[in-house]
């Protein structure tokens with residue numbers, strides 16, 4: 001049998017007991033005849049504790065050294081996991097990202113993987129050893145300095161290694177049974193989806209679902225690497241994230257053979273809304289606003305420009321952005337006030353975004369109408385709207401997010417066990 | 001000016017406050033015009049905490065993985081130190097042992113340095129950066145696995161780097177003002193010694209003095225690298241450890257120009273004594289005892305064989321060894337009981353070793369007599385005796401160690417400010 005890559009997050013290796021439990025699962029996979037490569041995150045809160053230490057010695061820790069510091073976290077968890085496996089009688093060898101051949105660019109804190117040269121891993125596999133690799137980290141191809149991959153980095157490491165090693169599957173272990181039609185903490189009838197396409201998963205991730213990170217899914221799509229999202233607390237099948245044409249292969253028997261129109265409902269409480277009020281409605285003024293935000297390195301999400309009242313020749317521009325960037329954006333825009341001559345800025349961080357995602361909506365008219373009718377019936381007011389080919393998102397009041405998610409989930413029949421809808425709503429953290 | 005290598009131990013970087021204090025000292029050295037290379041240990045109790053974690057997941061952690069785990073400790077301290085230095089406006093770059101080119105053999109847990117290829121450090125120095133290197137660790141030249149150097153490893157790293165970089169001096173920072181004529185906690189009149197030879201320092205280290213490790217001093221002697229042992233809490237000159245012919249150069253004016261006969265008194269409470277009672281006094285029987293201990297990988301220290309009573313043709317063999325190896329040795333010997341036919345084994349761990357060390361004793365008769373008379377006057381009973389060219393050691397009862405150290409210290413006039421006697425008594429830990 002082939003290679004299985006398994007990725008365990010920080011909560012799966014939070015303490016010695018958890019590490020021993022994970023070791024047993026890994027050894028069981030090995031004994032079933034697979035070659036096993038494990039990608040592991042830092043234990044529990046280790047990364048936060050290290051960041052706290054850094055802040056104690058430096059108001060703005062330099063990126064090179066912060067990466068050096070943080071990579072100590074996976075070094076600890078991977079060595080402990082290898083020890084726990086050896087205690088069970090199987091040979092195990094741990095490797096840092098650098099040793100595993102994870103080559104990146106030199107952007108500290110959010111490096112991108114450029115290449116993977118897993119020669120040492122292949123030797124270890126050939127020797128019959130279980131391979132443990134530190135997630136989240138690599139080494140710069142140019143400077144040879146240690147880098148970290150940023151948020152979702154360990155998932156990306158797992159998919160990158162699985163692709164380079166031509167693994168059969170990349171298993172991402174988490175503390176839930178897979179990807180759900182909505183956040184089960186908000187929607188009681190939310191169901192696990194057996195399989196979902198890369199494209200839908202990407203839209204979900206971009207819409208606030210936290211279970212898989214954008215970059216990891218993009219990497220998997222590029223290499224057509226099947227991802228199996230599943231619980232480290234059970235042996236149940238989770239959710240397969242695969243190419244659109246393969247979704248039906250991974251759907252369990254007895255499930256509807258056709259894709260549901262909507263796969264799932266995602267939500268996001270991490271954004272804020274800024275409105276630039278009273279912008280002169282002339283060519284180039286909106287561009288000046290966007291340029292100022294780009295120069296401040298702020299990624300804006302949704303953007304709406306009001307139709308101007310002819311009498312005033314003034315318009316309003318509203319956009320959403322990560323709340324963490326709110327202060328930076330307000331400062332950057334305030335500097336433009338005299339140059340552009342807008343009236344004022346409004347900042348609102350009591351907003352939330354609710355999105356429906358589904359490959360099926362391409363061929364189905366009336367989806368938007370059904371969605372908006374459901375929101376109206378639930379008394380939810382729509383602030384902004386944005387759409388893609390397989391997604392519709394709306395901005396609503398933060399305290400209306402739960403009602404909106406539930407209304408959408410019910411309107412598209414996602415709570416039904418027979419659907420194969422998918423998606424895990426993010427928590428907005 | 002040239003390169004200064006500074007080594008800071010775990011207690012000097014125990015927390016954020018200590019790290020910031022050390023950073024200021026390093027920056028001051030840099031501003032004085034030196035190129036600075038810093039070797040740093042893991043913070044405070046980090047190593048013990050990591051070992052504790054390892055024991056939680058494995059009864060006998062494999063060496064390769066234990067080294068991977070423990071090296072996370074210096075990774076954390078070195079990155080934090082580099083950050084603290086950058087906060088003070090100087091560029092700093094941290095390097096792991098592997099990145100610094102510390103090449104070792106592949107004996108995990110006590111690897112030996114084979115070669116140092118400090119190309120990356122030299123580039124960083126040329127760029128004007130302060131270089132921070134993880135102590136205690138390297139990379140195996142053959143397996144490319146991460147190794148640790150064992151006890152005293154960070155001191156050895158510092159001396160090895162100083163030698164490879166042709167530094168002017170290797171400064172070892174500690175929490176006392178240098179090397180003393182005896183442990184100041186035991187002898188109130190103990191004085192700091194301005195300079196001492198490598199050979200005397202080696203004998204002191206072998207006799208229980210904990211301030212410098214044997215391997216580090218051997219490395220310095222081989223490369224004639226001056227070591228300056230000094231306090232990280234003051235700017236005072238400490239103790240210079242140099243070639244015998246250079247000792248007088250480093251002795252402060254007003255000090256006696258001739259070496260004192262005895263440099264210092266060391267003691268050791270970490271040993272135990274085993275006596276094999278009633279061994280047949282025939283050729284090969286003592287060798288069988290020693291062979292059994294060697295095969296159990298136990299380093300014995302002092303050894304004494306009684307003259308046998310002709311009537312019985314039986315003799316006793318006594319030896320000292322590290323207390324930690326006591327159980328292993330007793331088991332190994334008990335297995336030999338029938339083969340050799342000795343009567344019984346005696347184990348005594350309430351012993352201590354007291355040694356006087358001094359290059360001057362080579363040319364002076366009567367040193368042993370003076371030493372033993374002082375012990376007798378203090379009512380201390382001598383159990384075993386061993387000597388080298390520049391050292392005399394005796395085994396006494398553990399509760400007589402303090403009295404013996406004080407008696408020897410006084411007998412050789414070491415408490416006098418005008419001597420340049422040296423040595424720090426170990427704590428027996």
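First residue shown is number 1, and so on along the chain.
Glycine too: its Cβ is placed from the backbone N, Cα and C atoms.
Whatever TrEMBL says is automated annotation, not expert-curated.
Owing to the predicted nature of the structure, the values given are computational and were not obtained by experimental measurement.
In TrEMBL this protein carries:
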- B:7, B:8, B:9, B:10, B:174, B:175, B:185: ATP binding site (BINDING)
- B:47, B:74: substrate binding site (BINDING)
- B:274-350: domain 'ACT' (DOMAIN)
- B:356-429: domain 'ACT' (DOMAIN)
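Positions of the features from TrEMBL, shown on the structure.
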| residue | record | Cβ contacts under 8 Å, 6 or more apart |
| --- | --- | --- |
| B:7 | ATP binding site | B:38, B:39, B:40, B:41, B:135, B:154, B:155, B:157, B:158, B:170, B:171, B:172, B:173 |
| B:8 | ATP binding site | B:22, B:38, B:39, B:40, B:41, B:81, B:173, B:232 |
| B:9 | ATP binding site | B:41, B:154, B:173, B:174, B:175 |
| B:10 | ATP binding site | B:41, B:42, B:43, B:44, B:45, B:46, B:47, B:77 |
| B:74 | substrate binding site | B:40, B:41, B:42, B:96, B:97, B:134, B:135, B:136, B:137, B:154 |
Give me the mean pLDDT over the domain 'ACT' (B:356-429), rounded to a whole number.
81
Which residue among the binding-site residues B:174, B:175 has the fewest other Cβ atoms within 10 Å of its Cβ, if you could check?
B:175
Under DSSP, the domain 'ACT' (B:356-429) has how many residues in helix, strand and coil?
30 helix, 14 strand, 30 coil
Test of understanding: give the count of other CB atoms lying within 10 angstroms of the CB of residue B:185 (ATP binding site).
11
Farthest-apart CA atoms of B:7, B:8, B:9, B:10, B:174, B:175, B:185, residues recorded for ATP, distance in Å:
24
When a 10 Å sphere is centred on the Cβ of residue B:47 (substrate binding site), how many other Cβ atoms does it contain?
20
If you run through the domain 'ACT' (B:274-350) with DSSP, how many residues end up as helix, strand and coil?
27 helix, 25 strand, 25 coil
Tell me, by DSSP, whether residue B:10 (ATP binding site) is helix, strand or coil?
helix
